[in-house]
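Asks: Supplied in structure tokens, the structure appears directly below.
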Amino acid sequence: MHIAITGNIGAGKTTLATRLAEHYGWEVLYEAVEGNPYLPPFYEDMEKWAFHLQIFFLNSRFEQVLKIKKLAEDKTIIQDRSIYEDAYIFARNLYESGKFNETDYQTYRSMFNTITQAISHPELMIYLRADLPKLQRQISKRNRDFERNIDPDYLLKLNVLYEDFVNLYTHGKLLIIDVNNLNYAENEEDFQTIVDLIDKNINVGTQLEINPL
């Protein structure tokens, strides 16, 4: 089974993927952040490095999906961010904000469309909904040098595009979890809340929206 965790920068995807993998015995595939040569310069000059970064992520996630196709035959794989977020959220945002020129964007989308015709969607998508203050607290806490000066407006626009994405998503089961009041990294009750929701609802319908208080 292929499960993907989606959400904005700082939403808590990696933490949740790690905890769920440990809890259920799943295998986790992480986003290629560490060792990515384009991330630090991208945050210094988005227009210059947008195409390079998106191609790097597209290739990295395509390699992951090919690996998942083999592994998911007899085990559950949880993926830290899906290939679809790159095109429908991050690349789209760069294009609409004028940081991705028309030629590069159309080249990128053509490559994305070709690749996604050859792969399968995750059986379950888990979207972590987080507002700007939550994202900023999480980003500050993990203290990555290249993320220190992320424009709040950049995060807000990504949130808008994430909501568009999940509202139109019809390719598989979608579980939406509002994480603004959850601290599943340190609070066992909060983590158990998510585990209970997955255990209870994973086979129900096609879209679930969970807003724990």
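Yeah, the Cβs are placed from backbone N, Cα and C, and that goes for glycine too.
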Asks: In TrEMBL, E31, Y43, Q54, R81, D86 are given as binding substrate, so which of E147, E163, E186, E188 is in that site too?
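Replies: Of the residues offered, the record points to E147.
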Asks: By a simple count, how many Cβ atoms lie within 10 Å of the Cβ of D80 (active site, proton acceptor), its own Cβ left out?
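Replies: D80 (active site, proton acceptor) is surrounded by 23 other Cβ atoms within 10 Å.
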Asks: What does DSSP say about I9 (ATP binding site): helix, strand or coil?
Replies: coil
Asks: For E31 (substrate binding site), which of these recorded positions sit within 10 Å, Cα to Cα: G7, I9, D80?
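Replies: Hits: D80.
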